[in-house]
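In what follows, a single structure is set out as structure tokens and then discussed.
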Amino acid sequence: MQHNQLLEQLYSGHSLSTSESTALFNAVIQGELSNEQIAAMLIALKVREANTEEITGAVAASLQNAKVFPRPDYPFADIVGTGGDGQNTINISTASAIVAASMGAKVAKHGNRSVSSKSGASDVLTALGVNVNVTPEQARQALDEIGVCFLFAQQYHSGFRHVAPVRTALKTHTIFNILGPLINPARPTYHLLGVYAPELVKTYAETAVALEHQHSFVVHGSGLDEVALHGETQVAEIKNGKIEYFTLTPEDFGLKTQSLESLRGGEPQENTQYLTALLQGKGKAEHANAVAANTALLLKLFGYDDLKQNVQNVLAHLASGNAFKTLQKLTTY
């Protein structure tokens with residue numbers, strides 16, 4: 001089916017199958033559509049709300065066109081959020097990735113520049129001295145040797161440049177805001193995925209099943225695309241093609257409720273100071289608790305099932321300052 005027919009289908013309010021969506025997004029990524037066509041397509045998908053098939057197709061096209069990452073045969077994870085929750089918190093998932101790796105897990109973190117916050121994963125890592133533009137081979141070497149690497153979305157998904165001007169002009173959430181966490185070019189074994197809106201938990205979970213994720217958590221924490229300590233966290237656990245929905249509270253992690261305000265970050269430079277202090281064992285207790293809760297759930301994917309024990313282990317590890325050594329090693333690649 002030609003692009004125009006697929007677009008016409010969207011304009012008339014009909015949804016696309018996975019294969020149709022893959023074909024249309026292939027055309028977008030390969031630069032075959034005009035900006036006007038891309039804008040119309042994104043708005044049509046937004047007004048009706050993209051369904052699981054359409055998101056799955058978009059993910060498939062993104063991965064088919066991505067720069068190849070030499071995938072290891074050992075289990076590894078990603079911890080990543082959609083961004084766009086508008087809360088301007090410190091970089092919790094970036095810190096959690098470094099801490100988990102320092103504790104022995106393997107994490108290939110996929111990330112980008114800031115969407116809506118002042119400081120996205122690549123912004124803060126660059127400020128910390130990490131080269132986010134390493135080659136896939138160098139990133140793989142870091143994953144092998146120190147347990148963590150960063151995959152900069154713009155480097156692996158260069159076809160997204162065709163969409164960038166349209167997204168900038170539209171200034172609204174589109175399907176591209178929700179693709180990021182699902183299109184890690186390393187194709188991780190495990191995923192901890194944060195979403196900016198509660199209604200995305202189910203959509204994401206169903207998409208993870210369609211993408212045949214081995215074991216994933218999708219979380220939305222009372223307005224955050226992370227595990228929350230200021231309220232409840234809605235969770236979908238995807239394992240062997242099945243989805244289980246449940247809620248986690250701070251008590252489930254053995255932690256007290258704390259204000260969202262205590263996690264406010266700022267520009268990359270400010271967030272860098274917070275993360276450096278945290279990884280050195282000199283950070284704010286609220287920051288340590290938030291990172292401990294998120295890292296605890298990430299470690300559960302690796303078979304460490306006791307969340308409260310995981311939190312205690314993470315807090316002890318943070319206090320030791322060893323996580324900072326992992327960050328220092330990451331800056332050498």
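Positions of Cβ are set from backbone N, Cα and C atoms, glycine also.
Remember, predicted model here, so these are calculated numbers, not experimental data.
Asn112 (anthranilate 1 binding site) falls outside any helix or strand according to DSSP and counts as coil. What Swiss-Prot lists as anthranilate 1 binding site is Gly81, Asn112.
Within 10 Å of the C-beta atom of Gly81 (anthranilate 1 binding site) sit 27 other C-beta atoms, taking all shown protein chains into account. Positions annotated as 5-phospho-alpha-D-ribose 1-diphosphate binding site by Swiss-Prot, on the basis of sequence analysis: Gly81, 84-85, Thr89, 91-94, 109-117, Ala121.
Here Swiss-Prot flags Ser93, Glu226 as Mg(2+) 1 binding site. In sequence order, Gly81, Thr89, Ile92, Ser93, Gly194, Val219, Ala290, Asn294 are the residues near Glu226 (Mg(2+) 1 binding site), counting only same-chain partners six or more apart with C-beta under 8 A.
If you look up Swiss-Prot, you'll see Arg167 marked as anthranilate 2 binding site. Secondary structure at Arg167 (anthranilate 2 binding site), taken from DSSP and collapsed to helix, strand or coil, is helix. Cβ-based neighbour count (10 Å, all protein chains) for Arg167 (anthranilate 2 binding site) stands at 18.
Feature annotation from Swiss-Prot assigns Mg(2+) 2 binding site to Asp225, Glu226; the stated evidence is sequence analysis. According to DSSP, Glu226 (Mg(2+) 1 binding site) sits in a coil region rather than a helix or strand.
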Whole-number Å value for how far Arg113 (5-phospho-alpha-D-ribose 1-diphosphate binding site) lies from Arg167 (anthranilate 2 binding site) (Cα to Cα): 14
